[in-house]
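Swiss-Prot has this to say about the protein:
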BINDING   Gly15, Phe16, Ile17, Asp36, Asn37, Phe38, Asp39, Asn40, Asp67, Leu68, Phe89, Lys93, Lys161, Tyr185  NAD(+) binding site
BINDING   Ser133  substrate binding site
ACT_SITE  Tyr157  active site, proton acceptor
Amino acid sequence: MVASSQKILVTGGAGFIGTHTVVQLLNNGFNVSIIDNFDNSVMEAVERVREVVGSNLSQNLEFTLGDLRNKDDLEKLFSKSKFDAVIHFAGLKAVGESVENPRRYFDNNLVGTINLYEVMAKHNCKKMVFSSSATVYGQPEKIPCVEDFKLQAMNPYGRTKLFLEEIARDIQKAEPEWRIVLLRYFNPVGAHESGKLGEDPRGIPNNLMPYIQQVAVGRLPELNVYGHDYPTRDGSAIRDYIHVMDLADGHIAALRKLFTSENIGCTAYNLGTGRGSSVLEMVAAFEKASGKKIALKLCPRRPGDATEVYASTAKAEKELGWKAKYGVEEMCRDQWNWAKNNPWGYSGKP
């Protein structure tokens, strides 16, 4: 535990990665204020964070219901509290939905973030950890993905992340006192070991592990495997899956870097394990962890899906002193622990 009186604003802190990061911030002695509009999350998630950290630490957590697109919500928050840094998670993140409704994504992800920068600058809070994504690499020409690769998003969601990275670089270049870390996540999975926090998507899940989990608890009949003829070891696509608690610790490491490195500028880091697992390998690992058989439906490839993507983690290891600790076995164990305790997510009912 590191004592700290620093206060961190966490936008979208009621979401999957947000809640797990807030737990680690509180455990590391930070004071935390969450702002969230519950577009893709619920108040119960915030209550569970309080439960997980205990009554003492939960005194250091505040919550505000607000929307970054409404500048007044931010203005009230920054007028009331002095923030030392912002961790910015808030945003929509479903690739398919972004293709069908790009305007919603541009409004939510871009407008909200631009408002946030303006209010931060006005109140002289110029340190940010930004939640980016490996989607900014698009179809990488080679692997592993290294931070200085050419960036080329393939869909509106990915483009919002890419635009926001470019905006961050432009702001920092024009106003060098800003310190910004861009964290490019690969595929976050798993859950808090308590089984009280986890991913709870609305509707049909867009990501592999919540989908597998819903088949395991009987909410969905089978898993659609998109592509079984890729040139990989078992024909299914390969991705870099990372435990959400490793990801949360990556944010703590990034925050420490912001506070200690005057010359950080605007720097990007990959957060992954540096190892790829195929869809079918993840299914097998989950079956082993849960004792459940996952019914599969083999489907054609989805347009735009890459064959194999995984991270080079050398830069984060060297500059942030961070390295993923958990393997696929722990990811599936914790995912199943969350699923069996919360088959219907935070609502507890169909």
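Glycine residues also receive a Cβ, built from the backbone N, Cα and C atoms like all the rest.
Sequence features annotated in Swiss-Prot and their locations in the structure.
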{"residue": "Gly15", "record": "NAD(+) binding site", "contacts (Cβ under 8 Å, 6+ apart)": "Asp36, Asn40, Ser41, Ala45, Phe89, Ala90"}
{"residue": "Ile17", "record": "NAD(+) binding site", "contacts (Cβ under 8 Å, 6+ apart)": "Phe89, Ser131, Tyr185, Pro188, Val244, Leu247, Ala248"}
{"residue": "Asn37", "record": "NAD(+) binding site", "contacts (Cβ under 8 Å, 6+ apart)": "Leu65, Gly66, Asp67, Leu68, Ala90"}
{"residue": "Asp39", "record": "NAD(+) binding site", "contacts (Cβ under 8 Å, 6+ apart)": "Leu92, Asn108"}
{"residue": "Ser133", "record": "substrate binding site", "contacts (Cβ under 8 Å, 6+ apart)": "Lys93, Gly158, Lys161, Arg184, Tyr185"}
{"residue": "Tyr157", "record": "active site, proton acceptor", "contacts (Cβ under 8 Å, 6+ apart)": "Leu92, Lys93, Ala94, Val95, Glu97, Ser98, Tyr105, Asn109, Thr135"}
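A sphere of 10 angstroms centred on the C-beta of Phe89 (NAD(+) binding site) encloses 25 other C-beta atoms. Binding of NAD(+) is attributed in the record to Gly15, Phe16, Ile17, Asp36, Asn37, Phe38, Asp39, Asn40, Asp67, Leu68, Phe89, Lys93, Lys161, Tyr185, and the widest Cα separation among these residues amounts to 23 Å. Around Asp67 (NAD(+) binding site), a 10 Å sphere centred on its CB holds 18 further CB atoms from the protein chains shown. If you draw a 10 Å sphere around the CB of Lys161 (NAD(+) binding site), it holds 24 other CB atoms from the protein chains shown.
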